[in-house]
Amino acid sequence: MMMSSSQTPVRIAFVFLVILAATDAHSDHRTPPPACGGAAVGGECHSVARALRLKLIAIPAILAASVAGVCLPLFARSVPALRPDGGLFAVVKAFASGVILGTGYMHVLPDSFNDLTSPCLPRKPWSEFPFAAFVAMLAAVFTLMVDSLMLTFHTRGSKGRASSAVAHHGDHGHCHAHALGQADVAALSTTEAADQGSGDVEAGNTTKAQLLRNRVIVQVLEMGIVVHSVVIGLGMGASQNVCTIRPLVAALCFHQMFEGMGLGGCILQAGYGGRTRSALVFFFSTTTPFGIALGLALTRVYSDSSPTALVVVGLLNAASAGLLHYMALVELLAADFMGPKLQGNVRLQLAASLAILLGAGGMSVMAKWA
């Protein structure tokens, strides 16, 4: 009897623990799952208000950089320091390319990996395949394919000697260096030499064949810009990560300015009228801001704290990283490093290489706290 009474407290304690465990299990079952995306993933970098402020600043900043880049060739003749064939221009351009590379690899791509490998997403398929790297690779290859196909279609559609000039002397036109890559690059100062070497095409930009060739180049460059600028702007507009948006604004301003210089030189050489020039400048300058505005509208479609936000922003960031990689290496750097200006000047080539490292290194250091 005494043994039974001594076991009573033990039994009461056991029953109490069972009830407590059942209560905890029941409360855990009714507690909603933690939010995915938003501050749960971005931490201190996630801020809808600050991100919106940066986007609203980015739209006019990128617009101004685009307009300045396109219009700069108009004044380059009177200001020697601003001429695209100068050594200082090549070094500054290399530094800007390093900034673009660093932004893509050190800021945008890591955020894409974080979003697409978040534990908030289903393990299948997001944790079993590197979607971020895959989409970045596809974006770069797709941009190359679009540029190449557009050049092919425009070349076949052009008749007479101008099409032959594009096919055989494309490597002597600086104005399309940003769009067509290594096989189509060189300095503006070598254009006349290429025309003299062609035999049947008169020297100068006033001939009919040369004008048609330059107009084909402008159309190819313009369409390529529209494709990738909208995608990158869309990725920035959809992101709520301040640490991603801040360096991306600087990188896009650099890119739009230098690519605008290339397009502006093309437009001048193509001999377009004032109305056509204005239309080309307008479309170039507004594509990236339009993409940002479109991304802002996209954020209204889904909840910022949902798995959908992680997938959408992660995929767009991955595509943006691939495009930044392509733009920096193919459109900006290959044109100069494989051209005669840097190939014939080792000191200038080393200075440009150092500028790339400084630009990319600066963005890498920023990734430590931004």
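Just so it is clear, glycine is given a Cβ too, placed from its N, Cα and C backbone atoms.
Cys45 and His107 share a topological domain name in Swiss-Prot and therefore face the same side of the membrane. Between the transmembrane segment (131-151) and the transmembrane segment (86-106), the number of CB pairs under 8 angstroms, six or more residues apart, is fewer than three, so the stretches are not in contact. Counted over residue pairs separated by six or more positions, the transmembrane segment (350-370) shares fewer than 3 Cβ pairs under 8 angstroms with the transmembrane segment (279-299), which leaves the two as not touching. Most Cβ pairs under 8 Å to the transmembrane segment (310-330), among the stretches 86-106, 216-236, 279-299, belong to 86-106. Counted as Cβ pairs under 8 Å, contacts with the transmembrane segment (86-106) are highest for 248-268 among 56-76, 248-268, 279-299. With helix defined as DSSP H, G or I and strand as E or B, the topological domain 'Cytoplasmic' (269-278) counts 7 helix, 0 strand, 3 coil.
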